[in-house]
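Heads up: the structure comes next, in C-alpha cells.
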Amino acid sequence: ESCLIALLFFSVVQHMQTYRALRSLTPLFSTARLSVVGGRSFCSGFGDDLEENTFNVQNHQRLQQLVRSRRYEQAQQYYENLVRQGIQPTLTSNYIIADVLVKQDKDDEAFQLLESLKQESSFVDARIYNPIVTAFAINKKIDKAEDLIESMKQDNINPNGGTYSGLLRGYASEGMMEKAVEIVTTMTNAGIVPNQQTYFNLIDGYVRAQQMQEAKDVVEQIKSDGGMPTNQMYQALMRGYFKQGDIEAALNVLEDMKSSGNELDVRIYNTLISGYASNERFDDANNTLEQMKENGITPNMFTYSGLVRGLCRHEKFDEALETVETMKETGVDRTRQVYGIIISGLIKAEQPQKALDVITIMKQDSINPLSFMYSDIVSLFEKQGDETRAREVADAAEQERESFLAAKEERRNNRNSQKQQGDFGF
C-alpha cells in the first residue's frame, strides 16, 4: 500500500502533489526538544544533557549571539578556547560550530570536525554526521550534504530524522520544494515519522517560495489528520501573507489559529506588529503593541525592531528613533541590530549626516558601531560630491578604531597580568 501511494504521489500536478503526499503520512506531533542554533531550530532530543564540564546554556547563548551578529571567527575562537579549557561540546554546540565553519567556507575544517567526532565517539551513528549535513544543507551547499549522506550509507549508517530534517531545510530554503516533499516521502518509507519541525520546515519553505496555498494545505492537512498546528506554523503563514500585502489573509490565519485553541504568544504579536508596520499600517501596529501589553505579554527587542524596520522602510526615521527611546524607557535592551536598521534606512534614503547622528546616539548607548556603517556613510558623502566630509568621517572612524584596538589590547594585558599573579599566589 505504501509503495502504491508513493507511486501515485508523483503522478499528480504540483498543487495536489503535496496534499496527497501528506494524506499518506501519519504525523506524529511529538514534543521533541528543540535547540535554537544561530536563530534557527534543530531537533536534538538525543539526551544532550548538560553537565558541569560541558557547554552550558550561557556558552550556547554566547555562541548564538556571535553567529547572529555574523562574528563567525570570534565564535570559532570562543568555541575553541572552551574546548582547550576541557569543556566538552554538546550536540547543540556541534551544530553551532559546524554552521560557523561552513559559513566561513572552512569546509575542510568541517570535515575535520566530523572525523574528530567519529574518533571520539564509542558508537558512530547519524547523530555524529547530522551537524555537518545540516550545516552544508542550510548554507547553500546541498550537493555536499547529499554526498555526505551517501557516504553515511556506504558506511552502513542509516540517516535518521535529524539527517532528513537538515536536508529538507536546505531544499526548502533554496525553494526546491519538490525535493523537500520527496524527503518527507523518503522519511516515511524508511519508517521515520515526520514531527512538528518537519512540517514546519515544509510550510516555511512554501512561504519562502511564495506558494501560500501549498503552505496552507499543509496546515489544513495536519488538522484533518487530528493534529494541532503549532504557533510557529501559523506565524510562518501570517508572515507570508503580510509579505504579499494580503493583510486580510494574514488576519484570517490569526482567527483560524484562535479557533484551533492556540494562544497568542510574543512571537505572534511580533509578527502582527512587523506585518502591519511593513504595510504602513502604523496605527494598527501600535494598537497591537498596546493590546499585547494589556494581555500581559512583555514586548521584547524583536517586537520593537519589527516596528522600527517598518518605519524605516517608509522613511519615518524620527518615529523610528522615538521607538528606540521607548525601548530605553521600558527597559528593553537596544542592540546594534536595531540601530543598524535605522542607519541602513538613512543610507538608502541618501541622508549620510543623519546616519552619522544615529551612530553618535548609538555610542551614547554604549554600543560600538561596525566599520561598514562608517564606510557606507563615507561612500555616500563621496557619491554626493562632499569629499571633505567623507575624509573627515573616514579619519574619525580610523582614530576610533585605533582607540578601540588599543583599549582591547590593554584589557588583554591586564587579564594576563592578573592571571600570572594568581599563578604565583600573589
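Placement of Cβ uses the backbone N, Cα and C atoms for every residue, glycine included.
TrEMBL: automatically predicted annotations, no manual curation.
According to TrEMBL, the feature compositional bias 'Basic and acidic residues' maps to 388-413. Helix, strand and coil content of the compositional bias 'Basic and acidic residues' (388-413), in residues and according to DSSP, is 26 helix, 0 strand, 0 coil.
The compositional bias 'Polar residues' annotation in TrEMBL covers 415-426.
Here TrEMBL flags 149-245 as domain 'PROP1-like PPR'.
What TrEMBL lists as region 'Disordered' is 388-426.
Residues or ranges marked as repeat 'PPR' in TrEMBL: 125-159 (among others). Here the repeat 'PPR' (125-159) has Cβ contacts under 8 Å with residues 40, 42, 46, 91, 94-95, 97-99, 101-103, 107, 110-111, 113-114, 117-118, 165-167, 169-171, 173-174, 176, 190 of the same chain, all six or more residues outside its ends.
Per TrEMBL, repeat 'PPR' is recorded for 160-194 (among others).
What TrEMBL lists as repeat 'PPR' is 195-229 (among others).
Helix, strand and coil counts under DSSP for the repeat 'PPR' (230-264) come to 26 helix, 0 strand, 9 coil. Marked as repeat 'PPR' by TrEMBL: 230-264 (among others).
When DSSP labels each residue, the repeat 'PPR' (265-299) comes out as 26 helix, 0 strand, 9 coil, counted as helix, strand and coil in that order. Feature annotation from TrEMBL assigns repeat 'PPR' to 265-299 (among others).
Feature annotation from TrEMBL assigns repeat 'PPR' to 300-334 (among others). Counting same-chain residues at least six beyond the ends of the repeat 'PPR' (300-334), those with a Cβ under 8 angstroms from any Cβ of the stretch are 266-267, 269-271, 273-274, 276-280, 282, 285-286, 289, 292, 341-342, 344-346, 349, 351, 354, 358, 361, 365, 367.
Summarising the annotation, TrEMBL assigns repeat 'PPR' to 335-369 (among others). When the repeat 'PPR' (335-369) is classified with DSSP, helix, strand and coil residues number 26 helix, 0 strand, 9 coil.
Within its own chain, the repeat 'PPR' (335-369) has Cβ neighbours under 8 Å at 68-69, 301, 304-305, 308-309, 312-313, 315, 317, 320-321, 324, 327-328, 376-377, 380-381, 383-384, 389, 393, 404, counting only residues six or more beyond its boundaries. Same-chain residues lying 6 or more positions outside the compositional bias 'Basic and acidic residues' (388-413) and placing a CB less than 8 Å from one of its CB atoms are 352-353, 356, 368, 371, 374-375, 377-379, 381-382.
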